[in-house]
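Among the features that TrEMBL reports, transmembrane segment is placed at 46-66, 72-92, 121-143, 169-192, 225-251.
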Amino acid sequence: MQGQTEANAAASAATSPLEARPLTNDDLGWALNRGWEDFKLRRGDLLLLPIIYVIVGIVASALAFNAALFPVIFPLAAGFALVGPIAAAGFYELARRHEAGLDSGWSHFLDPLKGRPRGPLLALSAMLLVLFLAWLASAQAIYGATLGRLGPVTPADFMRDLFSTSQGLTMIIVGNLVGGLFAVVTLAVSAFSFPLAVDKGTAAGAAVATSVAVFRRNPAVMLGWGLRVALILLLGALPLFVGLMLALPVLGYATWHLYTRAVHR
């Protein structure tokens, strides 16, 4: 009877949103500092190095053989941030284990896909994939309604027309507005839903509700966090994406630490 009661309580907790806590800008700096310290303890760059080089190689090859793909490179690069929480789930797990005094070696990086968090993580990943595809479709529609009307172009022509024509300026303005909307929505629903799913195996709906609650309670601070994440990812992507070997692990660990202050666990 007691076992059944405990099981029911655990099931209820897994489907109930957690209470959001207030955050300050000091929490953001603290989380990033902790993320850097965790990175120095567990070098995530060694794991991400081959993955990043494979991705860069595929993109470079595609561009070399199909210049028509050039206009979608910018939306793809911007959309990378939308699916970042998926790649960071392993870092959340390592940070969680380290916090609990458990072994946090790289052999546990994929543990979230083996246990209770698996279902919620798959559901959350599907949600972000839908947002990513919706963003790409929107970006393609914006391009088709603006610069796309000028016909096929080379990469050099695209860059020239982007800044020297009314169609290009329209694409920049509309694209940034629409992209910003996607970024804010993604930040609100995913900032803490993935860490919560890894931490407690919380159902996707409850995890998203918790993340949105934190965003609504701390809109200015969370927008500041989103800008910091975007800037770090941009700086990491500039040197042929190699800097992401450092940026992704640091942001993964930092997000975990911010999560621990953002919700009542």
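Each residue, glycine too, has its Cβ placed from N, Cα and C.
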Tertiary contacts of the transmembrane segment (72-92), as residues 6+ beyond its ends and Cβ separation under 8 Å: 44, 59, 63, 109-110, 112-113, 117, 121, 124-125, 128-129, 131-132, 135-136, 139-140, 143, 175, 179, 182-183, 186, 190-191, 193-195, 197-199, 229-230, 233, 237, 248-249, 251-253, 255-256, 259
Contacting positions for the transmembrane segment (169-192) when only residues 6+ beyond its ends and CB under 8 Å are counted: 75, 78, 81-82, 85, 124, 127-128, 131, 134-135, 138-139, 142-143, 146-147, 162-163, 207-208, 210-212, 214-216, 222-223, 225-226, 230, 255, 258-259, 262-263
